[in-house]
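Asker: My questions will all concern the structure given below.
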Amino acid sequence: MQKAVRDLLDAFEEDLRVASGRSPHTTQAYLLDLFAFARFLGEHGLSLLDFSPEDVTHYFAHREDLAMRSRSRVLSAIRSWSRFLKRRGLPAIDPDTLPVPRLPRNLPGVLDEEEILRLLEAPDPKTDEGIRDRAILATFYASGLRVSELAELTLDRLNLNEEQIRVTGKGQKERVAFLDGLSCARLRLYLERVRPSTNTAEKTLFLTRRQTGFTRQGLWLLIKGYARQCGIDRSVSPHTLRHSFATHLLSHGMDIRSIQILLGHSDIQTTEIYTHVDIRMLAEDLAKYHPRGKGPEKDGQAPSPSLPRKPKPR
């Protein structure tokens, strides 16, 4: 790769992180996508400073292994790169001439309230690890945080007296997330009994056995393990808890705009997918409990867990 291109990529990385407010994860993904695209261009005597929309089309034909979501990310990376070059007065293709992939609108997986209750009670409260994990699960469900937001939580962002967390979300946007009585009680126990024995120089709230912060993968494995332990045979991830948080609030009457604020969505259309989830769950319940349905005639519903509370008016 030419030195001029490498220097521009370094500047592009800085631009993504600082000017555009992209997360480290997104920045790294964009750079890896551009490196792969640059290798393809190099094989055809081209570079990241000299390609056309047709070259992008040929690249995707060459990379037919790429899933639709990956194609969307690659296109976003190329568009961002082209806009960056234009801002620097360098020749570049018009980003708007690139095709817009249509992603499938998959409905998110959701646990019902009885499954949430089982999951929250799965960790052993008699061990330090169990105390920590009970706090993690309760915080996830009470706040609806993204996995990256919970992994990056620091001690100074937690206000148990006000039952609040200050969160830095996508695009480095700050918002307030709310806790409930259960999550606050478990967090206090974790902070009093487990956290003081760890490395006090580390400011991350939730620490692993190695006294380092959790990775997103680590939190995913933690939740998946407890879901399997308590007999939930479906795929469960941190995002499942976030989806369940939103869907349960909606089903208990919270308006969609309030849920949008709690989730940190900049676009209401992102939040509106939960209205479809709620309708789907309603249809499943109808099929289960209607006399003409296939399910049991009696409602053997388990006690509901404590739902995340609606924020107080400010």
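Glycine is treated like the rest: Cβ placed from N, Cα and C.
Per TrEMBL, the feature domain 'Core-binding (CB)' maps to 3-86. Taken from TrEMBL, the feature domain 'Tyr recombinase' applies to 106-287. Residues annotated as active site in TrEMBL: Arg146, Lys170, His239, Arg242, His265. The active site, O-(3'-phospho-DNA)-tyrosine intermediate annotation in TrEMBL covers Tyr274. The feature compositional bias 'Basic and acidic residues' is assigned by TrEMBL to 289-300. What TrEMBL records for 289-314 is region 'Disordered'.
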Asker: How many other Cβ atoms sit within 10 Å of the Cβ of Arg242 (active site)?
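Answerer: There are 22 of them.
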Asker: Taking every residue in the domain 'Tyr recombinase' (106-287), what is their average pLDDT?
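Answerer: The answer is 87, the mean pLDDT of the model over that range.
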Asker: Relative to the Cα of Arg242 (active site), which of the active-site residues Arg146, Lys170, His265 has the closest Cα?
Answerer: Arg146
Asker: Do you know offhand how many angstrom separate Arg146 (active site) and Lys170 (active site) by C-alpha?
Answerer: 9
Asker: Would you find the one among the active-site residues Arg146, Lys170 whose Cβ has the most company, meaning other Cβ atoms within 10 Å?
Answerer: Arg146
Asker: Per DSSP, Lys170 (active site) is which: helix, strand or coil?
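Answerer: DSSP assigns Lys170 (active site) to helix.
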